[in-house]
Amino acid sequence: MCLPKRVSGAAIQSVATAIGNLLCFNFGLIFGITPAHMALYESEKLTPLNEATDPTGSALLTGYLFLSAAVGAAVSGWLALRIGPKSVLLCCGLLQIFGWFCIHFGFDIVHIYASRIFCGIAAGGAFVVLPIFINEIAESRDKAARLTFTIELWRTLGILFGILLGYYVQYQYVNIIGCIASCAFSLCFPFVQESPHYYLRKGNVPCLEKSLRWYRGIRDIDDREQPEYLQELAEFKAELKQRSSSKNSSTELSHGYIVRLIFVSFLLTVCAKLSGVFVELNYAADFLGRTGYSIEVNYVVLASAQCVGGLLARLFGPQLPRKLLLCLSSLLAAAAVIALALFKQFGHNWTLGDWCTRYLPIVLLGLQLLFVSFGLYPLAAVVSSEVLPTKLHDLLYSIASACAWLLLFGMIEGFNAVKTSLGPGLLLYLLVFAAASIFVGLISLPLLPETRNRRASAVQRDLGYVEQAGPVAKTTDAMGNGHVATHI
């Protein structure tokens, strides 16, 4: 990709991130169209397939999407270390194209299942690798956090557009739009450079320098003498030399430190998925019943609430203390979902008036989705990248995401079995969502260190990491990702 001389490094990083976020947008798109298309596949008159499927068959669509996302998440962290995050994201883009093609040319429910499997693997990989990629190309931890917050905004926008397309656009046109979005990513992203940290891991200094210059906006030979660039390049080379000298040795990490890192990673990632975002959006018609507006408008309202939360996260999230935002957003989301559970259980005994009886459930559910998208969901990626050492983050975040997708798959597939006509199953799900949010809100205060505007070394000391020689492992703040350089 030929860049003008005056393009700044921050602009290049933002463009590369925006192109990568098309993967998250596409996942939201295919998830958003699912509720509308499930009804379409079940219709004897309107189905685009050779024959209509039953509710059990259509219910597997979302299940296959999340199950395959678990597979993609499980292998993507390891693949990012082996072949580079850019290469993994390119593979995810190709899988998404295959997924949309299966929908467009499919004439049997098996073809639709295949589309969800392809897109699910791509989504699981993208949601793991994209934060890794952003963290490795950004100039500082703060810039990496700002760019990572954009992932939530693109995901929520994708879901909103998917719902609008699914309900208000003809079936064949929806698939064309999805194919265009996937092809746009696959056509643009190859011109993006691989992460300089990938070349650092491979020991390829010439490609490291080329990648670093590209992401810092250095196009002129004279600009290569900039002090900031030279300092960052020197730290890369020092890190490479350190890795070479300690190739046959490893830093011993305490058992308590490793356990705490694993707990932090799983706490944030799993609880973010169990907060109820995907289950509530997939089964909004069941959670709301006949309250609110029509089914289509209810879905649009809930998806819009998510978008508002994602926008607030992008605008204000980077400026707020991480622990405060995580705690408040989690507890407020829990309060909204508990209020909804109480209303569903005891609301028939309350005299709230017709308006409250009709619209209070969708208001509470919308508030919960807004608070989750504002803090809990995006901070799972942001805080994990700021707390965990580089290699541990790539592997742990991958495994934790896979486990979270598997749990989400179980909740989606077990929904109809748990639900009854009287609704205690719905109440159980709402209480699980509330418990996950409360757990994060209460545990984050004593367990998690504050990471905003702090050096990686200080964060790691708070987590209990001390080398045998005494000092905390060398940080790489100027190198972009700010992670502790632990050779494990």
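Just so you know, glycine gets a Cβ as well, placed from its N, Cα and C.
Those TrEMBL annotations? Automatic predictions, nothing curated.
Quick look at what TrEMBL lists:
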- 12-452: domain 'Major facilitator superfamily (MFS) profile' (DOMAIN)
- 21-41: transmembrane segment (TRANSMEM)
- 61-81: transmembrane segment (TRANSMEM)
- 88-107: transmembrane segment (TRANSMEM)
- 113-135: transmembrane segment (TRANSMEM)
- 147-167: transmembrane segment (TRANSMEM)
- 173-192: transmembrane segment (TRANSMEM)
- 257-279: transmembrane segment (TRANSMEM)
- 299-317: transmembrane segment (TRANSMEM)
- 324-343: transmembrane segment (TRANSMEM)
- 363-383: transmembrane segment (TRANSMEM)
- 395-415: transmembrane segment (TRANSMEM)
- 427-448: transmembrane segment (TRANSMEM)
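For the transmembrane segment (299-317), same-chain residues at least 6 beyond its ends with a Cβ under 8 Å from one of its own Cβ atoms are 32, 35, 145-146, 149-150, 152-157, 159-160, 163-164, 167, 277, 280-281, 284, 292-293, 325, 362, 365-367, 369-375, 378-379, 382.
Ranked by the number of CB pairs under 8 Å to the transmembrane segment (257-279), the listed stretches 61-81, 88-107, 173-192, 324-343, 427-448 are led by 427-448. The transmembrane segment (173-192) makes contact with the transmembrane segment (88-107): 3 or more of their CB pairs lie within 8 A, with pairs spaced 6 or more apart in sequence.
Through the fold, the transmembrane segment (324-343) approaches residues 271, 275-276, 287, 317, 350, 360-361, 364-365, 367-368, 371-372, 374-376, 379, 383, 427, 430-431, 433-435, 437-438, 440-442, 444-445, 448 of its own chain, all at least 6 residues removed from its boundaries and within a Cβ separation under 8 Å. The transmembrane segment (363-383) makes contact with the transmembrane segment (427-448), as judged by at least three Cβ pairs under 8 Å among residues 6 or more apart in sequence. Remote same-chain partners of the transmembrane segment (147-167), defined as residues 6 or more beyond its termini with a Cβ less than 8 Å from a stretch Cβ, comprise 13-14, 17-18, 21-22, 24-37, 127, 130-131, 134-135, 138, 173-174, 177, 281, 296, 299-300, 303-304, 306-307, 309-311, 313-314, 317-318, 373, 377-378, 381-382, 385. For the domain 'Major facilitator superfamily (MFS) profile' (12-452), the model gives a mean pLDDT of 86.
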